[in-house]
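To start, the structure itself, in structure tokens.
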Amino acid sequence: MEGSVNQSKWQAYSHLMRINKPIGTLLLLWPTLWALWLAGKGVPSLSILVVFVVGVFLMRAAGCVVNDYADRAVDGHVKRTAARPMPSGRVSEKEAKVLFVVLVLVSFGLVLTLNAMTIWLSLAALALAWAYPFMKRVTHLPQFVLGAAFGWGIPMAYAAVSESLPLSCWLLLLANICWTVAYDTLYAMVDRDDDLKIGIKSTAILFGRYDKLIVGLLQFATLLLMLWVGYLTQMSGAFYWSLLLAGALFIHQQKQIATRERDACFKAFMDNNYVGLVLFIGIALSYWQG
């Protein structure tokens with residue numbers, strides 16, 4: 001009996017950390033890998049790669065915990081989130097706080113194996129991860145904070161590998177912010193009706209009937225900024241082919257959301273994993289060919 005209770009509790013913790021839903025981890029991982037390869041002009045050292053990959057998993061988990069803690073009073077009123085561990089009572093507020101602290105401490109322990117510049121930058125990463133969930137109550141632009149949070153691994157990667165933050169680093173971060181706002185707007189379009197009822201703010205609500213157009217413009221800006229990064233870092237043809245393929249994926253997403261149907265918007269959001277993968281392959285092949 002005790003074993004089944006413990007198993008149920010650990011399952012609730014894993015759901016709180018979204019271990020069963022890896023899409024967020026992947027969307028955080030791809031730009032981090034882009035930066036590691038660009039900063040290292042090829043494959044980075046194994047030790048740094050391991051720190052960042054594990055760190056991505058831990059900080060995404062921590063972000064999910066603090067997000068559910070912030071939304072604990074409203075998730076029960078939204079069909080998609082009503083069964084989450086906190087609104088369903090499977091995880092208490094105290095347990096969520098402890099889990100968040102543990103995840104952050106382990107993450108920081110990993111960062112301490114890196115240089116001082118990376119350690120200082122990690123403090124901003126923690127602040128962004130904590131701030132994002134609460135932005136949904138004060139601004140219609142929380143997706144921009146999420147973009148910065150999901151992209152902060154980029155300057156950290158440059159700092160860890162090269163101890164420098166060149167223009168390409170900041171352009172890559174800006175590209176990731178544009179991409180994140182685009183795909184998270186698609187995600188917010190799924191919950192728009194529910195969010196309006198409970199007072200949650202999002203770019204999907206702010207953009208209104210111009211949502212598809214603005215998402216398209218953000219996707220186009222992502223490609224232009226990545227093109228600039230490719231020019232500055234002297235990428236080979238493989239990278240530019242990956243940009244074309246990413247553009248084709250964005251066009252497909254626009255077709256998917258044409259009617260703004262919830263399931264289609266969610267599918268378009270999920271498909272952004274392939275955008276991140278394609279761009280990473282383009283970067284990796286550029287250095288492999290070189």
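Each residue's number is its place along the chain shown, starting with 1.
Glycine too: its Cβ is placed from the backbone N, Cα and C atoms.
Feature annotations, courtesy of Swiss-Prot:
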TRANSMEM  23-43  transmembrane segment
TRANSMEM  46-66  transmembrane segment
TRANSMEM  99-119  transmembrane segment
TRANSMEM  141-161  transmembrane segment
TRANSMEM  170-190  transmembrane segment
TRANSMEM  213-233  transmembrane segment
TRANSMEM  234-254  transmembrane segment
TRANSMEM  268-288  transmembrane segment
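Proximity of distant same-chain residues to the transmembrane segment (46-66), defined by a Cβ-Cβ separation under 8 Å and at least 6 residues beyond the stretch ends, is recorded for 16-19, 24-25, 28-29, 32, 36, 96, 99-100, 103-104, 106-107, 110-111, 113-114, 125, 129-130, 132-133, 149, 153, 156-157, 160-161. The transmembrane segment (141-161) is not in contact with the transmembrane segment (213-233), judged by fewer than 3 CB-CB distances under 8 Å for residue pairs 6 or more apart in sequence. Highlighted: of the candidate stretches 213-233, 234-254, 268-288, 213-233 has the greatest count of Cβ pairs under 8 Å to the transmembrane segment (170-190).
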